[in-house]
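S.K.: The structure that follows is given in the form of structure tokens.
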């Protein structure tokens, strides 16, 4: 951030999160810059100041072109900034203005203001005609200069200042300026030899009368020229200028020999082939004059050549030699390169070096010569050996730098030896030298620190490996104290190695006090090092300390405790157990088996912890989901990496009461008579009371009373006593439908009301889903579902009943989507039977009438209870030894609950007595059991049962087996089909038995799996095969084969890889003003059922929102959207593996647009002192108008502020009162809806006291008298344009009709009108130039009110009608150039022509007023004329775009087709809600007549929209960039099929 604001310039951008780059630093960029860093816990910031050094000048202000009269004083100002401060110079027509060159009338000066800007001025006290011309101010400092020029025009006869001779160079361009003054000037011309110079390819006239001659030819263009300046009155001024043309010299190319070596001789010559004499020669070496130290002889051979002589060249003579030839025309040069070859010479000779191991070694070897010598490094065994070999740089440690130095990183002993550096360049024998490299190794450790853990009571050995040169000394420190041998539990030992030393510290019977830091410190001659070992003697933690309740709510309890000793193993979390204590019980809870459990991670606990003092931290946690008015017993334990601690002593807490959360049930309204109703009900469910019920409140209201009377007329009566379950309603209206609800209350408050019991109007489908859908289990195969009806005003008819749609929720092992089932019922609760045991169900409801089904509710979830399980899915009995058999089995296919135990039954063949062996189920337990103490070769029968908390299930079929000491190879594992997600791991068990121990072989098809290191297959010693990073290529059958001397066996696993689903196909069905209907089609599900969809959508410049949808949905309606807005949506599907890719983004626009302009004068009516607006007649453009802003002011005072009438006026009648009679006013109305706003301006007049109308002001009347209209361009241009527009619009309508397009056609509506400004606003063109703010105005010809009237009627072309409107006077129209060739919008309105109509008076210009004060005449008139407050063309363009978008006054309405969701269900026509045990089987306005027409002069209007154009392409000119935006865009990257700015949230990162 810069100065508190985020940089937004295109020059300032982030190269990365840490680097901010500013391109082209200017004065505006200086200041303080801040960098902010944040994470979840805290934030930090840093700052830096950007200070500018020297900068080039920048102009801050300047003067403009002006026109003044002689004798007037004038002051020209310029200001600039820069560092160092710039100096100003002033020029007049290219000539420097100084105090000496101008008279006393001129004053030139400059100064520095308070902010550091340099201000300069030229003041002329009394101007003359000769003072006119082109003035220029130029600001210069050491870094550059900047200038500005503008003409000063002075009224008077033309005058030309003296012009000196002008010199030109042959072949170059020359511009001749004519320094004239005087104003106005009608023409500037140039003559030569008495003839006016024609304009051709070589001669052109520029701005200010300058003459430019291209490629000057001395034989043609040299000579005298005459500049002539003519004034408007015919005065003529002439001035002659002489042009001379000079020829520049031409230097012939030269070069040096390429084979020169030191000691050679050389010479070079420089000659000029053409150019004017005399010619001066000079020589440069490397851009400077020849140094005398080089002893180079320079000789001249004549007037047009020279040469250099080198008696003996050396390396110092190498360089660039430039010959410069100059004459009166120009100075030219030519450069040649001299390169002298030199043998290599040492710059830095290599030397012997020694360094420490691990560091970076640099051996310098640098030579010079020409060509540049090549440096080569070699390595040998001896200094004088001849077996030097080139170095290998492939290891990355050895680098040869560009200057020849050898760099070796991480130097080690292997780098010691002799190295040869050789420098050659082909000149001479070259250079070479052998150096030696020695490496000394200080002591070091591989790792500076490590952690060691041990269980309490175990022996621990701490080791440290020291590397380095001998001798090495090692000693140990514990808690900064040296360890000696006198401690009986500590022993030290050392082992000497070639690379260093190993030291071992043995600690026997480790205890808690042995935990701490152990330091192994080593020293040798070259350094010292140490290694720190943190020993943690681990044990279980202590229980939490000081467990207490610090806050109690109705459904939550806050606990507090202090963390215990962690046993030197980081605490992983806590486990809290809590159980409701029945009110009738006494004492404490003894059975914690079925208690509720809350597991807390240590991070979650520390995040909510409270600091208590400086030594102890207080942790807190909240138990939620409790039931009000219930006593709970609570205990907890701590968990570390070793094992959990013991539980704390239980504590008790009772929750507070809460208002009932359930409504009374079975509410029934019975008619007792014409004015009485009897309401009966049943109490809510006891578990929903949340305390002791005190009674009920009965509410009733007339059905539809809120809509009829505008307020809610609800009556109520309180019934005391929980046992009272009826109430008689008396004195009611006859034949009236009532809405009746009942609510229960306790000591805290009133609970929710029951479902509304009401009559129905004309029938339809319900518009809302049933509410308060609740589901609770009754047994392992039945659940109870209850709900409340939809809101009474959304029944849509007489409810015939409800459909309960239910299906099981997908589990991980489910591979097929379960179909939904449907049950019909007329009650608000029902019972579902025949369900799957211990299965979570999704339940949705819809209400239906005789017409059809209503909206489906959101799903409610509940699970059936546990039941006894089915038999295990498989069983094997395998001979293990001569007296034991291994029994293995698979879990049941239908566990029907959580399996807590398996029971293995054994019976000897032919015997009745059986033995059983319970096997408890633990998270890591195997499904096998070894039965021992059997008799060899005796046959036994085995079967297994599974048990849940409900009881023991059915057993498997018995299998027979006999113990055998010669046990054949058998596999206890079972063949299975395994489905795993992509990129996951899978473990294939192959547990084998047999004597001797079998050999195990894994195959995939015919390929043997070896489980080599680095592959995706891993084999354990037990024969388990682990497959890592599954993908489709690893799908298939995996077979485990076991074999020994007595037999063989095999099992096969079929591994299926599940993938994420493919992106669904999303499409748009239709839109309304508030909804968007989308439909999609699912593609490949990846092998796993699709579990649901996520529909993401956003409004233009808005944030993404998500809607979770069920898997069986294929369409969705986005509701409560903004009218006339653009929305974008995409869809993702997900299954158990993950999310699919996003679908293609669908863009839709809700129907409607900004408010239109009123099509007639029906919304206005005026009398003597008031003006009435009928705002309800304002066309809304398809989106309801939310409010109006109404303002007005006097028309005669355009500088007056607007007077606000109402800034939140509804679409109703509005009256502006207390106005002055017979007065013109200006009215501004802004209509707002969801799509934007439209502003219109009108002028209106109140009537006189007698009710007569008044004429428009003089500046609104047409001043034309009786001129022939066909000679008036202001009349003919509008008429011709109107005819063209009508012709083009008719052709467009005919083409559109022929194509039968269903899209809304664009039409023309009346744009706003502008009044011409007074012609006296700009008295002269000179004043207009000086003020810079006078705009082009259009004036109309005067027409007398009593003269002839020209009425021009034009048809108003719209989409569905062609209503004839009268063209209003003083109206400015914007008409498309080619309306039939392209669509009109904000991008095309820039290419329009404007024309105006002109005011006229009518004898019948009033309108009859129905309501008049007593004594007033019934003929009161009002006249309304449009005026202008200077609205910009940008607003007019927006208005035109709005009109073209919304078309005419009769928009097309598309029939709305109700979208219903259908699915195939098995319907059940029976209702079993009465008994849980019952068995079910499933299956355009027109002007009113008036005595006088109301004239409405609309001046201009603008349309402001909050929505960007939905067009895919939009031409943007500087006039059409968006004025404002309600949102700012993200960013942006792009995902698949995403447009810029539409990136989904998960794809931005």
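Placement of Cβ uses the backbone N, Cα and C atoms for every residue, glycine included.
Where the annotation comes from TrEMBL, it is an automatic prediction and has not been curated.
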S.K.: Kindly point out the range from 1273-1297, 1298-1322, 1323-1347, 1348-1372 that TrEMBL annotates with transmembrane segment.
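M.R.: Matching range for transmembrane segment: 1273-1297.
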S.K.: Do at least three C-beta pairs under 8 angstroms join the domain 'Fibronectin type-III' (769-867) to the domain 'Fibronectin type-III' (1060-1153), pairs 6 or more apart in sequence?
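M.R.: As far as Cβ distances go (cut-off 8 Å, pairs 6 or more apart), the domain 'Fibronectin type-III' (769-867) and the domain 'Fibronectin type-III' (1060-1153) touch.
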S.K.: Could you give me the DSSP helix, strand and coil counts for the domain 'Ig-like' (442-538)?
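M.R.: Final tally across the stretch: 3 helix, 61 strand, 33 coil.
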S.K.: Under the DSSP assignment, what numbers of helix, strand and coil residues are found in the domain 'Fibronectin type-III' (663-764)?
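M.R.: Summed by class, the stretch gives 8 helix, 51 strand, 43 coil.
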S.K.: Give me the mean pLDDT over the domain 'Ig-like' (968-1052), rounded to a whole number.
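M.R.: A mean pLDDT of 89 is what the predicted model shows over the domain 'Ig-like' (968-1052).
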S.K.: Counting each residue once, how many in the domain 'Fibronectin type-III' (543-658) are helix, strand and coil under DSSP?
M.R.: 6 helix, 54 strand, 56 coil
S.K.: For a three-state summary based on DSSP, what are the helix, strand and coil counts in the domain 'Fibronectin type-III' (1060-1153)?
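M.R.: Once the DSSP states are binned, the domain 'Fibronectin type-III' (1060-1153) shows 0 helix, 46 strand, 48 coil.
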